[in-house]
Amino acid sequence: MADRNLRDLLAPWVAGLPARELREMTLDSRVAAAGDLFVAVVGHQADGRRYIPQAIAQGVAAIIAEAKDEASDGEIREMHGVPVVYLSQLNERLSALAGRFYHEPSENMRLVAVTGTNGKTTTTQLLAQWSQLLGETSAVMGTVGNGLLGKVIPTENTTGSAVDVQHVLASLVAQGATFGAMEVSSHGLVQHRVAALKFAASVFTNLSRDHLDYHGDMAHYEAAKWMLYSTHHHGQAIVNADDEVGRRWLASLPDAVAVSMEGHINPNCHGRWLKAEAVEYHDRGATIRFASSWGEGEIESRLMGAFNVSNLLLALATLLALGYPLTDLLKTAARLQPVCGRMEVFTAPGKPTVVVDYAHTPDALEKALQAARLHCAGKLWCVFGCGGDRDKGKRPLMGAIAEEFADIVVVTDDNPRTEEPRAIINDILAGMLDAGQVRVMEGRAEAVTNAIMQAKDNDVVLIAGKGHEDYQIVGTQRLDYSDRVTAARLLGVIA
């Protein structure tokens, strides 16, 4: 293939290279094999250049390495017959390099980016489902996994490495994908993992406290998210006008589509817009009446809570901006399915309603509790914990929110990792006014079981934090555990 040789791959940057055929591209020397291109980047934890001898021993055809402190930009050396090309700022160039290697897959499908603290997974899933109902072959990439709808393979990170992203997109194109919805994390933006992708549209859901252990403060976190619009090929911009940050961004994005549930739309100021006119919540979901610059309509949704209505409206606005007809979108809307582990409802006769959600930030927990309250005739229970070795500042905030919005709070473990579980729980309790009224149970399975067994049939039990996850990280061990499976077993239903 044309760009699978070293000379053609690096033609925009380096001349005089041999036309050496390349089989695969990898950042991991452990999996580098005969004929591969090994890329030696300098990361946060390791310097890939240390593994060049190992890659050569394993038979790689060529190497691209970070030039900093080693060589000049574009310098070519040879080690044991293997060409080594040094490029400066290799991490920043990696997405473009991988894009050339995999034949620019983002240009061969309609690819939509979704960024924001909360709502990324639901919005991407809705986009993929809806577009497929309209005839596309759709795929998702993100927290739940990567793949065509119905064939998603679990992943470790929301946004993989720059090479992984291009590789996965190329694989999806090869499988026939014509539409892709990708979650884009703040880490992925700062680390240039999606820098060379050509997005047909980019969606902003909201911004609230998360990842401050990485970004330091909210200003840097916002700046990371803004990179999607300021330094990337973002295509159509769709922005949540109900979010304070979103309203600020709309002032800098005059062609963006503004989306609102709360009346933050002025048709005279926003050329393209979509807003909820009325929302009625019921035990089956919600009835949404909306108006937009494309027309108006009504949607029956099986999704739970106000924030999921917002996610649905963002997906609708995105597809309208991409040219899908409103009439077709309205005809297919009722067939949209709830998303696994995202306000996912489990019910059985004579048992409490159990809702499993991924909410693991203060804002997400508040919204999940508010959503569950809309569907609760009895007591609202909240079972949650906070992750170990992560942002400690959010723990008391989440404790205060659970105490304020739930009737009964059960604090337990959620991936304690290398921290002492009781220390994490104490951090959560520190945010509560009356911690003595809180039920504390370190074992998560026991806590979930206890809550469901004690709740009455008109109660709602929100199990927050893990969502789709099927593991619990204790120490450095990844143990099998699923809130969904536990809840389903106790109710006698199938997860």
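Note: Cβ is positioned from N, Cα and C throughout, glycine not excepted.
The annotation ATP binding site is assigned in Swiss-Prot to GLY116, THR117, ASN118, GLY119, LYS120, THR121, THR122. Within 10 Å of the Cβ of THR121 (ATP binding site) there are 24 other Cβ atoms, across all protein chains. A helical conformation is recorded for THR121 (ATP binding site) in the three-state DSSP classification.
Taking Cβ-Cβ distances under 8 Å and a sequence gap of 6 or more within the same chain, the neighbours of GLY465 (meso-2,6-diaminopimelate binding site) are ASP357, TYR358, ALA359, HIS360, PHE384, GLY385, CYS386, GLY387, ASP414, ASP483. According to Swiss-Prot, the meso-2,6-diaminopimelate binding site annotation covers ARG390, ASP414, ASN415, PRO416, ARG417, GLY465, GLU469.
Look at Swiss-Prot and you will find LYS225 tagged as N6-carboxylysine. Spatially close to LYS225 (N6-carboxylysine) yet at least six residues away along the chain are THR115, GLY116, SER186, LEU189, PHE204, LEU207, VAL245, judged by Cβ distances under 8 angstroms.
The list of residues near the motif 'Meso-diaminopimelate recognition motif' (414-417) in space but at least 6 beyond its ends in sequence, with Cβ under 8 angstroms from a Cβ of it, reads 360, 384-390, 424, 444, 465-466, 472-476. Summarising the annotation, Swiss-Prot assigns motif 'Meso-diaminopimelate recognition motif' to 414-417.
When the C-alpha distances from ARG390 (meso-2,6-diaminopimelate binding site) to the binding-site residues ASN118, GLY119, LYS120 are tabulated, the minimum falls on ASN118.
Comparing the Cα of GLY119 (ATP binding site) with the Cα of every entry in ASN415, PRO416, ARG417, GLU469, these being the binding-site residues, the smallest distance points to GLU469. Recorded residues ARG417 (meso-2,6-diaminopimelate binding site) and THR117 (ATP binding site) have their alpha carbons 22 Å apart, per Cα-Cα distance. Looking at THR122 (ATP binding site) and GLU469 (meso-2,6-diaminopimelate binding site), their Cα atoms lie 15 Å from each other. Distances between the Cα of LYS120 (ATP binding site) and those of the binding-site residues ASN415, PRO416, GLU469 are shortest for GLU469.
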